[in-house]
């Protein structure tokens with residue numbers, strides 16, 4: 001199974017912007033890829049069932065038509081941590097089942113871009129976190145860092161947790177999530193020196209919505225060279 005698991009230093013840091021941009025950048029490089037968001041909270045009710053904007057964006061950016069239920073098998077209404085949203089919906093998230101689901105989507109000629117929910121240690125159930133899902137898939141990890149006050153600690157701790165859980169940090173992306181970020185370049189340079197994986201993109205302020213330019217901000221050759 002080829003691909004990457006996209007996580008972030010927090011919620012709202014730009015994981016979907018990076019995941020969608022990665023799907024487009026891979027396609028531009030001649031590599032088909034599909035996007036998956038195994039768990040999504042804060043879904044909206046539609047005629048077709050519960051839907052999540054992030055998962056819909058991944059579905060639209062995928063290289064082939066894929067059913068929404070394949071992209072986002074666990075769609076939860078409450079905008080909360082997955083374990084809390086699941087409890088409110090009267091279910092418990094089965095991490096092993098999610099791992100099998102994602103593995104079943106893998107094909108020999110496609111890459112998977114799997115986007116997590118929240119950060120690395122966000123709870124999925126009473127006994128599992130997002131880290132368990134990522135570890136079960138065994139994909140190299142892309143860390144999305146929102147460059148703002150406090151990000152240095154968040155990014156270093158997240159990278160240490162990823163490596164400590166036995167996974168490889170394939171690379172990281174700096175995302176400007178605010179219009180004016182003091183010491184933006186200095187913070188990025190600090191993380192370049194301290195994170196164990198290469199920075200393969202910097203996405204400037206765009207309101208946390210996808211723009212066609214964002215995919216040109218990622219150097220996917222860095223990820224592909226790492227295998």
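Note: Cβ is positioned from N, Cα and C throughout, glycine not excepted.
Please treat TrEMBL annotations as automatic predictions, because they have not gone through curation.
Taken straight from TrEMBL:
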BINDING   12, 13, 14, 15, 16, 17, 54, 115, 116, 117, 118, 175, 176, 206  ATP binding site
BINDING   16, 54, 115  Mg(2+) binding site
ACT_SITE  37  active site
Judged by other C-beta atoms within 10 Å of its C-beta, the most isolated of the binding-site residues 12, 14, 116, 118 is 12
Rounded Cα distance in angstrom between residue 12 (ATP binding site) and the residue listed as 'active site' is 15
For residue 115 (Mg(2+) binding site), the spatially nearest of the recorded positions 14, 16, 37, 54, 176, using Cα atoms, is 37
Residue 16 (ATP binding site) falls, by three-state DSSP, under helix
Not counting 16, 54, 115, residues with a CB within 8 A of the CB centroid of the Mg(2+) site are 6, 15, 19, 20, 35, 37, 40, 55, 57, 58
Checking the binding-site residues 54, 115 for other Cβ atoms within 10 Å of each Cβ, the smallest tally belongs to 54
Record-annotated ATP contacts 12, 13, 14, 15, 16, 17, 54, 115, 116, 117, 118, 175, 176, 206; largest Cα to Cα distance in whole Å is 21
Candidates 14, 118, 176 (binding-site residues) passing the 10 Å Cα cutoff around the residue listed as 'active site' are none
Reduced DSSP state (H/G/I helix, E/B strand, rest coil) at residue 54 (ATP binding site) is helix
Within the same chain, the residues at least 6 apart in sequence whose Cβ is under 8 angstroms from that of residue 176 (ATP binding site) are 146, 147, 184, 202, 203, 204, 205
